[in-house]
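Structure first, commentary second.
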Amino acid sequence: MEYQRKKKLTNFTIGLLFLSGGIEYAVILPTIWAYLQTLHAEPYFLGLGISAFSLTGLLTGPLFGHWSDRSQRTKAIILFANVFEIVGNFMYFMGVSKWLLLGSRLVAGVGTGAGASIFGYLTRSTTSQERATVFAAVMACRQVGLLIGPACNLFLRLCNFRLGPFEVNKFTSPGLFMCLLWILLQFVVAAMYYDLQPVPHPQRAALAAQQEEEREPLVQHDAGQEEPAEHRSYGGTVQREPAEPPVGDESRYVPNGHLAEEEGRVKEKSPFQNFSAMREYLREEVVVLLTAQFITLFNQTALETMVTPITQRYLSFGELENSIMYFLCGIEVICGFFLVRCLSSRLPDRVILVLGLVICNVACVWCLLFLARPQGSFPVLLSELVVGVFLQVLGLPFVAVSQVSLFSKVTAERTQGFSHGLRRSVGGIATILGPLWAGGLTENLYIMLGVMMGLLSLLMVMVGLSYSYLVEPPRSYVPGPSPEERRS
């Protein structure tokens, strides 16, 4: 009973952390362009400011994830990461120069690295059947933040007073607001977050026993003997194995067939200590999912960067209109995550991924046809923009949830923190390059959107060719490296 209470409080705190991350994004993004203009910044600083936040996050994600894999603790990591959020947002509030503003986003981005540790914890504490639902709920919390953020801007834009030597206005107030919010969250994490060790899932032991009973010989040896299909290595090459460990011994099995045994216990090996463990991330299905992470986030951030200048140039939108637009997008995304949560119990992750990619392709084609060179009256331009943004936002939940859930299933459980850190780093690279790409091509939208369409087409081909591998691998015993491999 006490364990369940602590788990609920911990999950509630995780939801608050992702909620705050969404609020920060939605509070900062609609006003940062106008804020930079008051500091006499060049147009390319918009891309730099948005990308800076992701740069430090992609560097710290794998480090924080590896830290949590080794310690099996996340509370200290979260408290440490939040300090950077507090300092970075206070620097943003100061607003002395464009360089300080850029530095503030670099510092605040360090705090996002804790997300890798949180996803690692969620993977270890859930079964593969419920994982997509849990990830959808967590991501929905961030989208609720994206919904609340613009609503906060409606009040923050009314600020106009001084706080000591600093001026509090509609541009600097988001930094002060987020600084105070992250300070409050420090107390919440300290009081309500618990470093719980996940209990063994009965489903996992039952699944291993069931697979052992239903194992059938499918692959022929040269000598006429047969080998179960589960014992094949990736790509169909047969591996000969020693005697199997006792069936149902959950402590000796880990997802994806990785086993490291020392005196009856799993010997955890760091990816930094054993280079052969890094080969796991070069398998076809892992590469496809990382590519999906990169391309979808690249296109998403590029379109987000493009939308603000377009609405300002062709529709004369200000910070109020942009905030309302992001508010409506937040509602749509939340509905999308609830839809994906319902579909995840009925459809495989790879089917949801394909549906999301189809929607994203349609959205990119629409933008290429109607937004590359907007023409017509205000109602026509507004309608074209609404349809393009609607389609882009609609596809996001499908791709985001499915690829994260699949990635957690095709990588080893013992290194989930590092794996999610690597995944988020790939996404961080995309969120850096996306705004830079879009920021430099706001006058050449055909080139910008054409490259995005090409990337999506490439991803569709990759997913189609690797579709059969985008499933959770069977639980099987796979031996360590042979003596010849050790000598090499």
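From the backbone N, Cα and C atoms, a Cβ is placed for every residue, glycine too.
As given in TrEMBL:
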DOMAIN    10-476  domain 'Major facilitator superfamily (MFS) profile'
TRANSMEM  12-32  transmembrane segment
TRANSMEM  44-64  transmembrane segment
TRANSMEM  76-93  transmembrane segment
TRANSMEM  99-122  transmembrane segment
TRANSMEM  134-156  transmembrane segment
TRANSMEM  176-194  transmembrane segment
REGION    205-254  region 'Disordered'
TRANSMEM  286-303  transmembrane segment
TRANSMEM  323-340  transmembrane segment
TRANSMEM  352-372  transmembrane segment
TRANSMEM  378-401  transmembrane segment
TRANSMEM  422-439  transmembrane segment
TRANSMEM  445-470  transmembrane segment
Self-check item: seg_contact(the transmembrane segment (134-156), the transmembrane segment (422-439)) with at least 3 CB pairs under 8 angstroms, min sep 6
Solution: no
Practice problem: Summarise the model's confidence over the domain 'Major facilitator superfamily (MFS) profile' (10-476) as a mean pLDDT value. | Solution: 76
Self-check item: For the transmembrane segment (44-64), sequence-distant contacts whose Cβ falls under 8 Å of one of its Cβ atoms, 6 or more beyond its ends
Solution: 29, 32-33, 36, 77, 81, 98, 101-103, 105-117, 301, 305, 308, 417-418, 420-422, 424-429, 431-436, 438-440
Quiz prompt | Candidate ranges 12-32, 176-194, 352-372 - greatest C-beta contact count to the transmembrane segment (378-401) (under 8 angstroms) | solution = 352-372
Quiz item: Which sequence positions outside the transmembrane segment (176-194), separated from its termini by at least 6 residues, show Cβ-Cβ distances below 8 Å to it?
Solution: 6-7, 9-10, 12-14, 16-17, 20, 23-24, 27-28, 74-75, 78-79, 82-83, 85-86, 89-90, 92-93, 111, 152, 156, 163, 168
